[in-house]
C-alpha cells in the first residue's frame, strides 16, 4: 500500500524516465525553425560540423538535440516524413542503450534513423539488425536515403554477398542486415587465415529490431558452422524403419512406501514429454530396440552412438510435425521458424535430428555435420559496447531483459490514443466447435465488409481454416511460410474492405496494415505488370490508387476497422499481443478476440484440468461457448506458467554457456594474435620451453638419483616430439637434477631450432609457424566442441550421484579445455621440429588445404544462452577467462 502511494506521488519508473526526456524534446522542437531555414548543402554540412565537434571532445549527448533536429529535417525533405515527439523520445531511449517498446504502426523504422545518425558521427559504425533480408534491403534503401542525404554511407548485409561486398558494407557508417548474417560473418571471420580477409570491424553500437524475438525467443538456438563427416547415411534409414514398430506409452504414478511418496511406472516402449520436447525409451522399449537392431546392449559404450540416433528418431516421429515444425519442399526438409512462421532455407537442426526427419519423410539424407564454430545471438550481441532494441511487445518480458541482459525497457507513449477494444476470450470444448464458431464470425464480418486478420499458430491450422472458408465460398488470402514470397503484398492489402487474411504468425512481418489498402504497394504491383509504362503514367495510376484507398479508408473506419481473430493462444502472451497490435495503429479503430478450445496445445499441455473443472462447474454443454473471467484468468496463468518455465530454462542455460563463451574468446584472441604476426616466434619458443619443462618434470623426480629416472620413457617422448635421441654421458648423469636437466634439454632443442631457421630462412619459418599454429588450433578446437557436446548430453545424469551437474560441467569443461591447449601446444612443437619442406609452395599448399572446407550454416537444436558482459582484451596479469583462477599469462596466454 505504501509503495502504491509513493508511485501515485512520484509516478512509475517509466513515467519518471519519460518526464526526464521531455525537456530535450522541447529543445529539439525549439531548433526546428532554425534548422528548417538551412539549404540542403548547409543541412548536409552539419554532419561534418558535428564530426569535428565530437573529435574535439564534445559528447554525443551534448550533440543530440541538434543532431536529432537535423535528422528530423532530412526526413521531412527526403521522405516527406516528420518524426513525432514520441518518436524523438524513442530515439533517445535507443541512444541510451535501452529497449524502446513502441506499438505497431508507431514508426519504429523511422525512429532508428535518429540514434543511427547520432552514433555514426563517431566514425566507428552502427549496425541496424532486422529479422529478414527483405526488411534489411527495404530499410537500407528507404531510411538509407536520409543518411545518404546527410553525407553518411549506408551498407546492407544480405544472403549471397561475397567477402568484398560484405567488407564494403561493414565499412559503411551505417550497416543494415539480419541477425543470422551478422552472427555467421563473425564465425566465418574467426576461421580465416589472414586479417585482411576479415569483413567485420569493431562492435560499436547495435540497434536490434524485434529485440524480444532475437534475445528471448531465439535465446536457445545457436548459430553453427559445420563441416561434413564421412559417415554413411544408411544408419538413419535402418533406425527409422523400427520406430513405427514401437508403441507409445504413458507415465503412471503408483503409491510406494518411499520417502518420495510416489514412484513412476512407464507403459509401452517409449514416453513423450511435450513440455521438454523429449522422447525416452522405457525398459521394454530398450529390449525391443536391441532385438530389432540385433544389438546385445544398447548402453554399451560401443553402441552409445546408435542409442543417440534412436532417441533422435523417436523425437523426429513423436514431437516434430510436418507443416508445423517443418515442410517438405522439392525433396528437402525446410525448418519453419516457430516464432515468425517463416521458412528457413539453408538452416538445419543439429546432432542428427535433421537427418532423422529426412529419413522419416523419405527424402535424400544429407551427411551429418561436425561443428567447426558456434555462437548464440546473446553471445554475439553482448560484444557490442552499446546495445539497444526496439519491439512492439517487450514489457511482459521486462524482468528477463533486466535480469539477464541488464537492458531496461521504456514504454513509449503512442502518438494517438489507442481505440481498439480487446474482447474476452471465447472457449469451446472441442476444436471442431471452435472452428465452426470462427467461420461463422468471419462470414458475418465479411458480409458487412469489415476486414479480418485471422491468426493461427501453425501452417497446418491455417490450411485447415482455409479449406473450411473455401467450402463456405468466402474469398481470403493465406499468409504462411509456404507463401513467403507474397508476404509483404498480402499484408499491405490486409486492411482493404472485405479482405480476409489468414496468417500463421505476425511477428516481424515489418509491413503495416493500412485501412483501405496501401496505394504505394498497389502502384508497384501495377508497374510490375506494366514494365514499359512511363514515369508519368505511373504517377497518374498512383494518384488514382491513393484516391481509391482514401475513400475505402473512410468506409472501413465506419465499419469498425481491422478485426483481429485469434484461433489459439500462443505460449507467450507477447506473441498474442503482437497479433493484436496489427489493429488500431495510429489512432485507427479496430478490435480483437481469441477463440479457444480445450484441445488447443496450450490448454491441453499446461492448463486444461483447471479450465475443464471450471467448465464442468458452470455446466457448459457441448457446442456451447463460454466467456468468463475465471477462464480468462486460468488461461493467463497457464501462459505465465509457461513463460516462467522458459525463463528458468534460459537463465539456467546462461550459466552453462558462459563457460563455452569464455573459452571461445580465448581461442579467437589467440588466432587474431597469430594472424597479426605479433611475436609469433617468441610465442613458439615459449611453447618449446614449456614442452621441455613438462617433459623434464614428468620424468626427472627430485630426491631420486638420476640413474633411476625413466630414461627410456623420456627418450621416447623427446624423440617423438623433437626428433633427436637423448645421449647423456654417465659422468654428466651423476650430476643431473630436474633443473639442470631442463636447461640441458632446452639448450639442445634451441640448437635444433636455430638449425631449422638457418635451413628454411626467417620469413619462411615465420610463415610455417603461423600456418601450423592455425591448423592445430582449428583442428583441436573442432574436436573440443564435439567433446563439449558429448559432455553436455550426459552431464544431467550426475544429479543421480548427488552431484551438482552445473558445477561438474564447469569443472570438466575447464579440464577438457586445458587438455586441448596442451595437445595444441605439443602438436605445434612436434610438427615444426619434424616438418621437411622442399619448396615454399608446400607451406602455401598446407594453408590452402585448410581453407578449402565445405561449410554448412546451421541453427542448432542444442539450447544455449548467455548473460551479457562487456567484451574486452584480456590483460596478461588479469585472471584467465577460462576459469582456472590463474593469471592469463600463466594459463591460456602462454
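In case you wondered, yes, glycine gets a Cβ from its N, Cα and C as well.
The ATP binding site annotation in Swiss-Prot covers 87, 105, 106, 107, 108, 109, 512. The 10 Å shell around the Cβ of residue 107 (ATP binding site) contains 19 further Cβ atoms across the protein chains shown.
Sequence annotations record features per position, and here Swiss-Prot assigns region 'Disordered' to 857-894.
What Swiss-Prot records for 880, 882, 891, 892 is Zn(2+) binding site, and it gives sequence analysis as the kind of evidence.
Whole-number maximum of the Cα to Cα distances across the ATP-binding residues 87, 105, 106, 107, 108, 109, 512: 17 angstrom. For the ATP site, the Cβ centre of 87, 105, 106, 107, 108, 109, 512 serves as reference, and the other residues of the chain with Cβ at most 8 Å from it are 102, 104, 110, 111. Cβ environment of residue 87 (ATP binding site): 106, 107, 110, 111, 114, 415 lie under 8 Å away, each six or more residues apart in the same chain. Mapped onto three states, the DSSP output places residue 87 (ATP binding site) in helix. Every protein chain considered, the tally of other Cβ atoms within 10 Å of the Cβ of residue 109 (ATP binding site) stands at 18.
In the structure as shown, the Cβ atom of residue 106 (ATP binding site) sits within 10 Å of 25 other Cβ atoms.
Listed in sequence order, the residues of the same chain lying 6 or more apart from residue 105 (ATP binding site) and placing their CB within less than 8 Å of its CB are 512, 581, 585, 586, 588. Counted over every protein chain shown, other Cβ atoms within 10 Å are most numerous around 108 among the binding-site residues 108, 512.
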